[in-house]
Each structure stands twice: as C-alpha cells, then as structure tokens.
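Trainee: Just lifted these from TrEMBL, have a look:
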DISULFID  C54-C372  disulfide bond
DISULFID  C242-C257  disulfide bond
SIGNAL    1-18  signal peptide
Amino acid sequence: MKLLVIIILQISFNFVKCYPYRLYEHINDRYRFFSTATVYKYVAPVVRFPESNCEVLQIWMVVRHGTRFPSNNIIANISELHNYLSINKMTSQLKNEEVDKLNLWTFKLKDEHAEKIIEQGYNDMTFLGRNIRNLYKDIFKDNFNSQDFKVIVSPETRCKESAIMFLNEAFQKVIDENELEKMDLFDARFNLVNRVKTMVTDFETNFINGPEIHKVIENVARILGLDNLLDFNIVKAMHDACRYQKAKDINFDSPWCAVFTDDDLKVLEYYYDLKYYYSHGYGNMNNVQESMAIIQDLINNFDNKDQNKSGPKGVFYFGHTANVFSVIVGLGYAKDTIHLTDTNFASMKDRKWRTSYLDPFSSNIRAVLYKCGNDIKVTFFINDAPMYVEQYDCTLCSWDSIKQLLDSQYDQLIQIDK
Ligand SMILES: *[C@@H]1O[C@H](CO)[C@@H](O)[C@H](O)[C@H]1NC(C)=O
Ligand SMILES: *[C@@H]1O[C@H](CO)[C@@H](O)[C@H](O)[C@H]1NC(C)=O
C-alpha cells in the first residue's frame, strides 16, 4: 500500500507544474497575499494568453463564490480588538497618523453579516462572466438552456448569487435562480458534508508555538508599544481585520495592516498554507482520494463529447474553497516534492503550494476541450492562467494522453481502497 502511494506521488508530480509567478502583476506597496482571503486580481495574470484557433467543444469549470464577509467566529474575534486600542504614541513604533487611524477604527459587522457575499464579490463574478464570454464567443452565442449548459450550485446563498452574477454576464440575460440545479449534499463530486475541515494537525499547533510565529507576536507587541506579548488568536484577529478589509475594499488598507511587517505577513500566509495543505491538500491522501469523483466527472464529460459527440457545451459548478482544492489535488497541480511542515518555512520559500494563488476569492479552474483538425486537445486554467503540463511539455495537450495520466492515478487509488 505504501508503494502505491509513492507511485501516485511521482505521477502527479510530473503532471502539471505551476505557472511562473513572475507573470503576475507586481504590487509595489504592501504584501497582499492573504491565503483564501486574497483579492482575485492580485493573483490572476495581467497577460491574456492567446487562445488556440481550435474549435471549442466544451468548457468545464469549478468556481468558488466571490468575495464575502468573514465567518461569525472571525467577526467575533475582530470585534474584540476594540480592547487593544489604547495605543501609546510614545512607545509605539507606528506613525502618529497610523495611531490616529487605529484609534478611530470601528467595526460594525455582526453575526447576520457572516459569510454574506459583498459588492466586491459581485464585481468578481461579473468580471469572470464577462471574461469567459469574450474568450468563448461561440459557446455563449446561444441562449441559456439546461440542455447545452449544465450548472450545479451549492445551496449556500453566496454560491447561488455568484452563479447568477456570472451567468447573467456570460449570457447577457437575466437567469432565473430556479433554472439552476442544486448540489446534493451527498454527491461525492462536491463533498459538501465534509467541506469544512476543522481538524488541527500537530504541524499547525507546532508552527503556532514555533519560532516564526513567536517572532510575529513579538513584532506586533513592539510595533504597538506593548509591555506584554499578545495571544496568537488576537494577532490572528488583527490579521483578519487587515485582510478582510482589503478584500472588501481594494483601494483601502485597514489600519490593522500597519501592525505587521511584510515578513510577518509571509509567516501568516505560511500558517494558512500549512493548515490547508493538511486539511484539503497533499498532506493527507484522503483528500486526493476524495477528489477522484470530481475528476471522473471531468473525464466522463470530455469523453462523452469526444466519443459520443454529445453532452453540454458548458459545465459550471459553483461551490467553495473545498471544491477548488479538490480539483487541484485531483490534477496533481501545485505539488511540491517535499511536504510542508512546521519546521521548513524557510526552505519552502519557493513552494508551489501557495493558497493565495490557488484559492483567492472567486478562484476557479477551467478545463477546455478543443477540436484541432482531427485531434482532441485540452487546456487547464487556474485563475485564468494556463497550467503547463510538465510531462508532455504542453499547455494545449492531447486529451488521450491527459486522460491516461488521470486514469492511472485513479486506478491506483482504487487499489489502495481495496
Ligand atoms: C477566536 O478566538 C478564540 C479565543 O479567543 C479562539 O479559540 C478561536 O479559535 C478564534 N477563532 C478564529 C476563527 O480565529
Ligand atoms: C456514450 O453514449 C452511451 C449511450 O448513451 C453511453 O452509455 C456511454 O456511457 C456514453 N459514453 C461516454 C464516454 O459518455
């Protein structure tokens, strides 16, 4: 069984390689990579990749909802930050105006706002919908109908609203919510029951208690001019105040961002990378195994188009972080040769597993099936950047060879299962 696991690791590692990050817009001020609360436009490429001239047979896409308010737990913890606002200008290392801004800081979110989609979320979805319409005009020239377009949406309001905004823009028509199919709670492809994974690993606990986080906590105390160190949960709430404000209003920095250095923000980003690596990523083989249902759905849809010349032109699934990570690990994307742990923050500086890039708000994976002459080909895109398939040195790749790779991974997982 162990041997099988090792074989899978090698195959998927060779499968797809991350696109080099240098293609992305460089932000010349503060560090703004905030794991799953990152702004989409900070990680989507500025360069538009030319699409091939091939005929598009099908688009298959998994989308995370647009920008939303934080969860009720995070709202509760941010609300507590009012207790840390008597900042002494003499001992603090903040500029006077930064202290003034912090002292004026107010936070009005309540439980009822928790996880609601916000205006920026509508903007995200409108942007994605317009983009896809412009890229694949032939696909969207027909009216929306359930024959040609298969849309399945998580029952959460933010996902339904995301789907509607996206489709309205893609079809230039108001789509009725009742036309959309709802994800079944027990549909293995979407794994909604097991979507939120709260298990805390030793890696996470040890990292929180380790030297990197300790230094962040010391720095925050020094910058705020405090005599005592704060609890990690309070520092985390300050980070949440910073990142959720940025997500809500791209042109505005929360005054709480000023209590972190860019290096501290990188440590906190790693904290989340580590957490998701084990909850949803390659740190736990169950995650890879669970992803096979959604990958099999992709294979079935493309095979049906390829072999039977039937099936929809577009398949769109609107869900959550877990759904996007599921496709990522099922494809073997952003897979490092070394596991992320609590002790290798420094040596994993250039890691592929960067959740800010993988799963910002409105993250999405799109697979496009093309007919190029007599050949059937496929390109995968993550957040609008094409994935490079290392094994075959291509971005526009033969569907047969990609399928072989995916099938072989799938077969081996089935064997483990037995
Ligand atoms: C909020 O703070 C409490 C302790 O004050 C902590 O147990 C909890 O994990 C925090 N929640 C989040 C989402 O950070
Ligand atoms: C092709 O169509 C047949 C008959 O409807 C179906 O049984 C088969 O599963 C389809 N093949 C694929 C690859 O979907």
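Cβ atoms are placed via backbone N, Cα and C, with glycine included.
Distances, neighbours, how buried they are, the whole picture for these features please.
Mentor: A coil conformation is recorded for C54 (disulfide bond) in the three-state DSSP classification, outside any helix or strand. For C54 (disulfide bond), other Cβ atoms within 10 Å of its Cβ number 17.
Here C242 (disulfide bond) comes close to F34, D253, S254, W256, C257, F260: these same-chain residues lie at least six apart in sequence, with C-beta atoms under 8 angstroms from its C-beta.
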Trainee: Count, for each of the disulfide-bonded residues C257, C372, the other C-beta atoms lying within 10 angstroms of its own C-beta, and report the residue with the smallest count.
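Mentor: C372, out of the disulfide-bonded residues C257, C372, has the fewest neighbouring Cβ atoms within 10 Å.
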